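Scroll down for the structure; my scribbles are underneath it.
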Amino acid sequence: MDDLFPLIFPSEPAQASGPYVEIIEQPKQRGMRFRYKCEGRSAGSIPGERSTDTTKTHPTIKINGYTGPGTVRISLVTKDPPHRPHPHELVGKDCRDGYYEADLCPDRSIHSFQNLGIQCVKKRDLEQAISQRIQTNNNPFHVPIEEQRGDYDLNAVRLCFQVTVRDPAGRPLLLTPVLSHPIFDNRAPNTAELKICRVNRNSGSCLGGDEIFLLCDKVQKEDIEVYFTGPGWEARGSFSQADVHRQVAIVFRTPPYADPSLQAPVRVSMQLRRPSDRELSEPMEFQYLPDTDDRHRIEEKRKRTYETFKSIMKKSPFNGPTEPRPPTRRIAVPTRNSTSVPKPAPQPYTFPASLSTINFDEFSPMLLPSGQISNQALALAPSSAPVLAQTMVPSSAMVPLAQPPAPAPVLTPGPPQSLSAPVPKSTQAGEGTLSEALLHLQFDADEDLGALLGNSTDPGVFTDLASVDNSEFQQLLNQGVSMSHSTAEPMLMEYPEAITRLVTGSQRPPDPAPTPLGTSGLPNGLSGDEDFSSIADMDFSALLSQISS
């Protein structure tokens, strides 16, 4: 009630007809923090009650009925009467011994004080501060010394303005002291400014019971309540002291609205209220909604989302005119579809069929006399060795082929095929080409093989096969086979060169030029000039046994 007395009963001047002091800008009661001396920083400036973030005001007084020289003293006194000198002190420009004193401008009647700060003292320095007030005669209301001992409210002070002017005779005239509204320290929860910082929701059912989380500045859990007010209605949120978390958060449930059968939303005010001094925070809007089955407010969220989507689409730069646009003109441009000839796929290196792929059943119609062939001749046709790809040149004794030969087959590396059983005709392309060619040949049993190979019997050119070392020749063949398996491509010229070197008995000559296709020779690597008595002397059974081994 003491805070309301200056508003209801304003202080009257001591002399109605004489000068008096009036406070036209009160100091701001809350929001300022009292600073300790040990903090080593300025205590700030006391703002005016109408001060904002953009417009700063300060405590201001007006001396009515007087213009001229004078002095003013501003000191701190207690909030409650008797107004004793307060142990806190004013600091700033023109401040000493805990109070402010300066001369007034004689040309003005309104005076503002911008550089006033409040510095608080510790409880252990309380007695020393009171003794200093008594020694400096800082006692505006002349409170006896015995009454100055006792408890002090260190979280609230008042400003006391004492103005001294000159009377017509030039003597000092002390005007009646004037007190300001209380100023509270913002550090103390019981006197700090109440402020709602944030809530998780600002609407609820008219039946109440909705849980709300509220964040605020420091409050005292035993001296705080959530206050709802509306037109002709007021209520309080329900919570316990345990629902106040660290003085900065409150979890409460909303009270039911006065009209439970609400049909339209109603807006009310929600505030923090301190019962001890009836201090209220700035109001925050809260909306009571009609009770429906939609407890989770799905329809409300859907409508809000729809409205947001509509507003976005209206502002969208891609939202063009609704008139149908003319069709886009299209120009026919001829295109040339060039059919690219596909490149031929790389073909693997081909080899003619070896003796292992010949179907010897085809030789049954042929009448060949029995004979023996030397072991050296049998070694000329190994089953696993590749054969030189060479075109056979028909001689005068050969009959032309009835049909062109098939393409040479691809040599597939692998183990030699067993010839213990009859070898069937191969179905692959190119297999059995040599056998088909031999099938269409007609031999005379009395015809000399040398005539077929070139009719050359010069001993200086050819050497008898009996002089060939079979073991050395077999070793060379084995080396050729291993080389053909280890390398990517078979060495086709390995066997003819080795045979020539062994037959002639000379060292390996330098690589000769490629042999022309017209050169006489056999596909198994024998030179066409080698002399056999007759092809009928060849024992094919011995040849087959040698191939199978």
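Counting begins at 1 with the first residue displayed.
Just so it is clear, glycine is given a Cβ too, placed from its N, Cα and C backbone atoms.
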Per Swiss-Prot, the phosphoserine among Ser109, Ser131, Ser311 is Ser311
Feature N6-methyllysine (Swiss-Prot), candidate list Lys195, Lys310, assigned to Lys310
S-nitrosocysteine, as annotated by Swiss-Prot among Cys38, Cys95, Cys120, is found at Cys38
Students should find that the motif 'Nuclear localization signal' stretch in Swiss-Prot, chosen from 229-232, 273-276, 301-304, is 301-304
For Ser276 (phosphoserine), the same-chain residues 6+ apart in sequence with C-beta under 8 angstroms from its C-beta are Asn190, Asp223
For the modified residues Cys38, Lys123, Lys221, Thr254, Lys310, the largest set of other C-beta atoms within 10 Å encircles the C-beta of Thr254
As a whole number of Å, the Cα atom of Thr254 (phosphothreonine) is distant from the Cα atom of Lys221 (N6-acetyllysine) by 18
In the same chain, residues at least 6 away from the ends of the region 'Disordered' (41-60) whose Cβ sits under 8 Å of its Cβ atoms read 23-29, 31-35, 91-92, 110-119, 159, 180-181, 183
Smallest Cα-Cα separation from Lys221 (N6-acetyllysine) among the modified residues Cys38, Lys123, Lys310 is shown by Lys123
